[in-house]
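J.: From Swiss-Prot, for reference:
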TOPO_DOM  1-20  topological domain 'Cytoplasmic'
TOPO_DOM  42-54  topological domain 'Extracellular'
TOPO_DOM  76-94  topological domain 'Cytoplasmic'
TOPO_DOM  116-135  topological domain 'Extracellular'
TOPO_DOM  157-171  topological domain 'Cytoplasmic'
TOPO_DOM  193-220  topological domain 'Extracellular'
TOPO_DOM  242-275  topological domain 'Cytoplasmic'
TOPO_DOM  297-327  topological domain 'Extracellular'
TOPO_DOM  349-355  topological domain 'Cytoplasmic'
TOPO_DOM  377-404  topological domain 'Extracellular'
TOPO_DOM  426-441  topological domain 'Cytoplasmic'
TOPO_DOM  463-470  topological domain 'Extracellular'
TOPO_DOM  492-506  topological domain 'Cytoplasmic'
TRANSMEM  21-41  transmembrane segment
TRANSMEM  55-75  transmembrane segment
TRANSMEM  95-115  transmembrane segment
TRANSMEM  136-156  transmembrane segment
TRANSMEM  172-192  transmembrane segment
TRANSMEM  221-241  transmembrane segment
TRANSMEM  276-296  transmembrane segment
TRANSMEM  328-348  transmembrane segment
TRANSMEM  356-376  transmembrane segment
TRANSMEM  405-425  transmembrane segment
TRANSMEM  442-462  transmembrane segment
TRANSMEM  471-491  transmembrane segment
Amino acid sequence: MAVDMELDGGGDGKGKAPPQISLSGLFLACMVAGGVQYGWALQLSLLTPYIQTLGIPHALTSVMWLCGPIAGLIVQPCVGLYSDKCTSSLGRRRPFILTGCIIICISVIVIGFSSDIGYALGDATEDCKVYRGPRYHAAAAFILGFWLLDFSNNTVQGPARALMADLSGRHGPSAANAIFCSWMALGNILGYSSGSTNDWHKWFPFLMTRACCEACANLKAAFLVAVVFLGLSTAVTMVFAREVALDPVAAAKRNEGEASGPLAVFKGMKNLPVGMPSVLIVTGLTWLSWFPFILFDTDWMGREIYHGRPDGSPAEVTAFQEGVRQGAFGLLLNSIVLGISSFLIEPMCRRLGARAVWVMSSAVVCVAMAAVSVLSAWSLGDFGGSVQDAARAPAEEGGVRASALALFVFLGLPFAVLCSVPFAVTAQLTASRGGGQGLCTGVLNISIVVPQMAIALGAGPWDELFGEGNIPAFAMASVFAAAAAAAGVVLLPKVSVRSVSMAGGH
């Protein structure tokens, strides 16, 4: 049942209020979101296709993404809890942001140089231009870096969102939401631009080695740029996010007798704000509808739209890589729409209500995922509906590819809703309790990572039943989106217009 609520923003009730920050200062304080999102964009656009070139079959690539939900289930709630109670002189959030960003830099270097690491550990000595077989040492190094990247991403995300809610002050969390989404969009634009660029190996030819050819060198260079950008954005956030440290004595008294670690997380889940359980249910269904596309969008472009294969003939590999680059370009267009749309979310919520905006975005995703399935069937229709058969014929030009890119653009607005409204509603509910943004953001993340775990375990085998394509997962995503829209109508709290502009966090 929907709950009507009138909520006010405010601090988290733990320690002194942070000093007032200017709008430009708030903009710079959120810059770390752009740096993290740059690496995340590269991860989403390039790594699922790339791991297949190292010998991991398509059916198992989704299992690799299990690290995300596991990290989110364990790391982010605990980090959120500890950041609420942290008494460091740097403040509550910045120590976790700094630590996580350092680990992100290490992990992306491991990923970028995984082929060279595998070569040093005993992979095939043939030149990568002629060798098409598996490279298991490289795959192991890649997966290690991939998992480390997901754990470090989760270390940063919760505190970064909570920091934004802490600092929003007189500007209101909706303004902070728009700034945060803008940085996310900029990070996405830069990351997807890097991923769609095929000239990195020409600009930095020294990155090519016997184990690392053009596609690998492009990946390596893009991740090295990610390290530089993340380092810069982290430094700016550390300087401009002026937190007030908690008093250790007062914090110790407040925390006396409280459970710690995962026990405190589960205890917190038992005492959620009114309306929060409904938000968790709808969030879970919403993310079930998004994850197949998030995980397989560029692979879908390479296979179903461009009819390529990562482990096929040279012509098929070339077609697959071109599809992946076009998929990254589609994600770039999606991010531009995301950045523009982030400034439309607040007025839409004021006019229609957060619940209506959330429900309508789920309905749009339902239509879009159905369209992805239909477009894929159209592209493969002349080849018996099988990726293997389609890969033996020239990729279809014209309408199919243009329509595929149009779908990326079409999904920009609902993705902006996904990136802001659930977190804003969560922070609004938390504000009514007077604090605990870090913990509640971590609990919300559980409703995101559990669906991802289900998709990671089930999508690959499910698609394998239908010829190693992505159509079945996208069709199921359409069903989940319809369920999310229906659940949103029935369950989501009805938040007043005033509270949308006065409380929230991303």
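Using the three backbone atoms N, Cα and C, a Cβ is placed for every residue, glycine included.
A quick note: this is a predicted structure, and the numbers were derived from the prediction, not measured.
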J.: Where else in the chain does the topological domain 'Extracellular' (116-135) make close Cβ contacts, counting only residues six or more beyond its ends and a cut-off under 8 Å?
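T.: Result: 54-55, 110, 141, 209-213, 216, 311, 317.
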J.: Verify whether three or more Cβ pairs under 8 angstroms connect the transmembrane segment (221-241) with the transmembrane segment (405-425), leaving out any pair fewer than 6 apart in sequence.
T.: no
J.: For the transmembrane segment (356-376) and the transmembrane segment (221-241), check the count of CB pairs under 8 Å (sequence separation 6 or more) and say whether it reaches 3 or more.
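T.: These two stretches do not touch.
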J.: Determine whether the transmembrane segment (95-115) and the transmembrane segment (55-75) share at least three Cβ pairs under 8 Å, counting only pairs 6 or more apart in sequence.
T.: no
J.: What stretch of 21-41, 55-75, 172-192, 328-348, 471-491 shows the most Cβ pairs under 8 Å to the transmembrane segment (276-296)?
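T.: By Cβ pairs under 8 Å, 471-491 leads among 21-41, 55-75, 172-192, 328-348, 471-491.
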J.: Should anything in the same chain at least six residues away from the transmembrane segment (172-192) have a Cβ under 8 Å from its Cβ atoms, list it; otherwise answer none.
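T.: Those are 9, 23, 26-27, 30-42, 45, 161, 164-165, 222, 226, 229, 328-329, 331-332, 334-336, 338-339, 342-343, 345-346, 349, 416, 419-420, 423-424, 427, 500-506, in sequence order.
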J.: Using Cβ distances below 8 Å and needing 3 or more such pairs, separated by at least 6 in sequence, tell me whether the transmembrane segment (136-156) contacts the transmembrane segment (328-348).
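T.: The answer is no, given that the two segments have fewer than 3 Cβ pairs within the 8 Å cut-off.
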J.: So which residues does the transmembrane segment (55-75) touch in its own chain, when a touch means Cβ under 8 Å and the partner is 6 or more beyond its ends?
T.: 48, 133-136, 139, 143, 146-147, 150-151, 153-155, 262, 295-296, 299, 310-311, 445-446, 448-450, 452-453, 455-461, 463-464, 468
J.: On the 0 to 100 scale, where does the mean pLDDT of the topological domain 'Cytoplasmic' (492-506) fall?
T.: 49
